[in-house]
């Protein structure tokens, strides 16, 4: 009996050895990556006394690889065996991050060096993200994809909540460069765990094309497949209007509602709690109603976003809390169903590039929405722009409802 079969028949993926090793490695990578996002800029601020524009440059360097290198990363994930790519990505992040504390000890640390570290680490973050999503169908059976993605998404949600606070405490205690060293060690542990995943992995032969055509093949398959195309358009709409709301939400709470930083932080934290709840629930609710669950998650997100824009008077705080919870809970539910469906219907030889295309859509639309969100308040005001961001997500609900997604009940159907 195979590991995949044994795990699914005797207690789910918690007893699936290969998945647990992959999950452990991914969990450590999630926490290490989240702490790195905090530790690098704080190293610039506390150690180098960097001005705001330099901190912004560092942030841009860590985020830019998602747009610049997603498609090449997908091509690598399709052309090479995926487990070695995951291991190399972890080892590369460990090495490049270890440069920061070493440079601090040698008194040669500079903002230029941090930017290079952020760019290289961000590039291997993208390579790891694209590859592990393409690798999961090799580790588990198709009927376990929803459960597997739910568990991975839950870990990611917990990391987003716990890692910044834990990282902040560690930085306060140990200093930022030492925490970056701990991040490097976490990636070494992740590489070790993933190296122990034992699966038969074959690279599916695909026709060789010119470089540009090879890079864009994922986009062509995405556009040609009815389900992938439907989800891609829905994700595009969601990304744009989410970007609109994220741009104006904090401004609305500070300038219109006059909330303190503490109050804003507590309200935003509710969204993180909702993300954990949504990630845990998504594996159960989506198992036999994958398409309807995806649409329901989109609707919940639209309702939550709309509530954020209807806040007024004495009910402002409870309405904001409810809205943030719904938005936070709905996103992992959406991503688990979307990812599982994409993994199930994509040709194995193109899954890496299709995953990369979706990553660009999912995250690439948010800056566009943010730009729109920065312009609209001059004409509509903050609250009307926030409300528009919530109502706009209903377009994604309508699109998905009238698409083939509504008919999908499980991975098999």
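Backbone N, Cα and C define each Cβ position, glycine as well.
Cβ atoms under 8 Å from those of the transmembrane segment (52-73) belong to residues 37, 40-41, 44-45, 111, 114-116, 118-119, 121-123, 125-127, 129-131, 215-216, 218, 352-353, 356-357, 359-360, 363-364 of the same chain, restricted to positions at least 6 beyond its ends. The transmembrane segment annotation in TrEMBL covers 52-73 (among others).
Look at TrEMBL and you will find 94-121 (among others) tagged as transmembrane segment. Sequence-remote contacts of a segment are chain residues at least 6 beyond its ends whose Cβ falls under 8 Å from one of its Cβ atoms, and for the transmembrane segment (94-121) they are 36, 40, 43-44, 47-48, 50, 54, 57-58, 61-62, 64-65, 177-178, 180-181, 183-185, 187-188, 191.
Summarising the annotation, TrEMBL assigns transmembrane segment to 170-192 (among others). Below 8 angstroms of C-beta separation, residues 24-26, 28-29, 31-32, 35-36, 38-40, 42-43, 46-47, 86-87, 90-91, 93-95, 97-98, 100-101, 104-105, 109 of the same chain, each at least six residues beyond the ends of the transmembrane segment (170-192), sit close to that stretch.
Look at TrEMBL and you will find 227-413 tagged as domain 'Major facilitator superfamily (MFS) profile'.
Annotation source TrEMBL lists transmembrane segment at 230-253 (among others).
What TrEMBL records for 259-282 (among others) is transmembrane segment.
The feature transmembrane segment is assigned by TrEMBL to 289-309 (among others).
Look at TrEMBL and you will find 315-336 (among others) tagged as transmembrane segment. Residues 146, 149-150, 153-154, 156-157, 238, 253, 257, 263, 267-268, 270-275, 277-279, 281-283, 285-286, 293-294, 296-298, 300-301, 303-308, 362 of the same chain sit 6 or more residues outside the transmembrane segment (315-336) yet have a Cβ under 8 Å from a Cβ within it.
Per TrEMBL, the feature transmembrane segment maps to 356-376 (among others). Sequence-distant neighbours of the transmembrane segment (356-376) (same chain, 6+ residues past either end, Cβ-Cβ under 8 Å): 66-67, 70-71, 73-75, 77, 126, 129-130, 218-219, 222, 231-232, 235-236, 238-248, 335, 338, 342, 384-385, 388-389.
Taken from TrEMBL, the feature transmembrane segment applies to 382-402 (among others).
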For the transmembrane segment (382-402), distant same-chain residues with Cβ under 8 A (at least six beyond the ends): 230-231, 233-235, 237-238, 240-242, 244-245, 248-249, 251-252, 255-256, 294-295, 298-299, 301-311, 369, 373, 376
Near the transmembrane segment (289-309) in space but 6 or more residues beyond its ends, with Cβ under 8 Å, are 146, 231, 234, 238, 241-242, 245, 249, 278, 282, 319-320, 322-331, 333-334, 337-338, 340-341, 383-384, 386-391, 393-394, 396-397, 400-401, 405-411
